[in-house]
Amino acid sequence: NWSGSLIVASLTGAFGSSFLYGYNLSVVNAPAVYIKKFYNETWERRYGFSVDESTLTLLWSITVSIFAIGGLVGAIIVTPIVKFFGRKCTLLLNNVFAVTAALLMSLSLLAGSFEMLILGRIIMGVDAGISLSALPMYLSEISPKEIRGSLGQVTAIFICIGVFTGQVLGLPEIFGQESRWPYLFGAIVVPSLIQVVILPFLPESPRYLLLEKHNTSKAEKAFQTFLGKDDVSHEVEEVLAESRIQRNTKLVSILQLLRTRAVRWQVITVVVTMGCYQLCGLNAIWYYTNNIFSEAGINHETIPYVTLSTGAVETLAAVFSGLVIERLGRRPLLIGGFGLMVVFFAVLTVSLTLQKTVHWLPYLSIFCILAIIASFCIGPGGIPFVLTGEFFQQSQRPAAFMIAGTVNWLSNFAVGLLFPFIQSGLQTYCFLVFAAICFAGATYLFFVLPETKNKTFHEISQAFAKRNKVSLEMQEMNHCSGERKSSAEQESNFTSSVDNGETKKGIV
């Protein structure tokens, strides 16, 4: 099932999209001291006096957190973009944001303008907000259902690889020096250019071509390219059957989706999983890492190299999840990941609280950090994106990804805003808050989430029908709320496509 075109499309799409998201999460850590010094020197040159500590802290906080604001903007505008340009073209056009951001941030030191760095961060956030919706949408629509989960995990794997790459390039021997830190941001151009060169030679999503553009000829060729076979009549018929159920391929708005009873629990589940994805405390782990390594007696100069272990563990766990997701399923990996995080958060709290009384407890803290990262990447790190692509029909998917993206980025911003207050108030007990969130998420998913492995989009909708308290017939009617076409009118549309010679006669 893994054709060469499918592999190239997934790797190229992820390298220029989710990789950059992960890279920009970690890239600001290594040069933080040098960037703050740059801010201070720029302020002194302009105003004749050094910036006070509180203002410098504010500027740095804005630089880091503004990335999430840009992500929220990207998540909001992605729906009309993917509707008009398509999934693949959206990924290509999104590179304009990435290249613009890279130029602004890498030239900020030369121009003596910290505003350019902040503006570049928010533009890079817009790029991430668009890509984290468009990429999972594209991957879920080009892959056969038998490997949809594994292909969807490519998003999470490349986020982890991006984080690890940011850590490696930030080492003092590479770009982690005062004169070289702008190169860390200039490197963003490389994945973007690679995507721009390769992705145009690959087809658009066949489901998008068939259901939204009604171009059966191109859809058939796209299926043939991605599946690596000539006879794709079964796949085309499967998509057409979904369209007949919907009766109408007009995109559903967010408000319409929220009002649709037949997908009520799908929407709630996406909101819960995306909320827990950001609120589960992984950002707090990154905050504590250097301090815990220092408490364990690791030399300060050695800590950046030891920190690489966190990125390596993250990447290996994500790869492992991609290899086993089609065997174990989404449900056990997601629930198990949150469950393991609860256990290790509890142990970490005890370890941090007592680590000054027992000499070996700091090493237990290090183990807990690595275990929490691995538990997150096994399930919660990537499966929420896969589920968002699987829960909804073609006409509902862009609106669903906008809701998921909005929850994702708002939760991201909330963690950055509230965590310092939680940490100062609860100290090491702050991790119990995250343990409670993980426990609540695992409990909800245990009772609500059905297994979606190896199921068609329509079969997944059927699995939610009873919980949504709608019959299958009622559910099918709800997919076409609003301006529905009559059955005869819809059939004539499909017949006209066949008459134009765009597909084989036996398909309909």
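Note: Cβ is positioned from N, Cα and C throughout, glycine not excepted.
According to TrEMBL:
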type	residues	note
DOMAIN	10-453	domain 'Major facilitator superfamily (MFS) profile'
TRANSMEM	58-79	transmembrane segment
TRANSMEM	91-112	transmembrane segment
TRANSMEM	118-139	transmembrane segment
TRANSMEM	151-169	transmembrane segment
TRANSMEM	181-202	transmembrane segment
TRANSMEM	267-288	transmembrane segment
TRANSMEM	303-325	transmembrane segment
TRANSMEM	332-354	transmembrane segment
TRANSMEM	360-387	transmembrane segment
TRANSMEM	399-420	transmembrane segment
TRANSMEM	426-449	transmembrane segment
REGION	481-508	region 'Disordered'
COMPBIAS	489-500	compositional bias 'Polar residues'
Worksheet entry | Local confidence of the prediction over the domain 'Major facilitator superfamily (MFS) profile' (10-453), expressed as mean pLDDT | 88
Practice prompt. Please figure out which one of 303-325, 360-387, 426-449 racks up the most CB pairs under 8 Å against the transmembrane segment (151-169).
Written response: 303-325
Worksheet item: Can you name the far-off residues of the same chain, 6+ from the ends of the transmembrane segment (267-288), with a Cβ under 8 Å from a Cβ of it?
Response: 29, 257-258, 310, 334, 338, 341, 345, 352, 369, 372-373, 376, 380-381, 383-384, 387-388, 391, 400, 403-404, 407-408, 411-412, 414-416, 419, 423, 430-431, 433-435, 437-438, 440-441, 444-445, 448-449
Worksheet item: Under a criterion of three or more Cβ pairs within a distance under 8 Å and sequence separation of at least 6, are the transmembrane segment (118-139) and the transmembrane segment (58-79) in contact?
Response: yes
Item to complete: State the non-local partners of the transmembrane segment (91-112) in its own chain: residues 6+ outside its ends, Cβ under 8 Å from one of its Cβ atoms.
Response: 13, 16-17, 20, 38, 42, 45, 74, 81, 85, 119-121, 123-124, 126-127, 130-131, 134-135, 138, 181-183, 185-189, 191-193, 195-196, 199-200
Worksheet item: In terms of Cβ proximity under 8 Å, which residues at least six beyond the ends of the transmembrane segment (303-325) contact it?
Response: 26, 30, 149-150, 153-154, 156-157, 159-161, 163-164, 167-168, 170-172, 176, 286, 289-290, 293-294, 333, 369-370, 373-379, 381-383, 386, 453
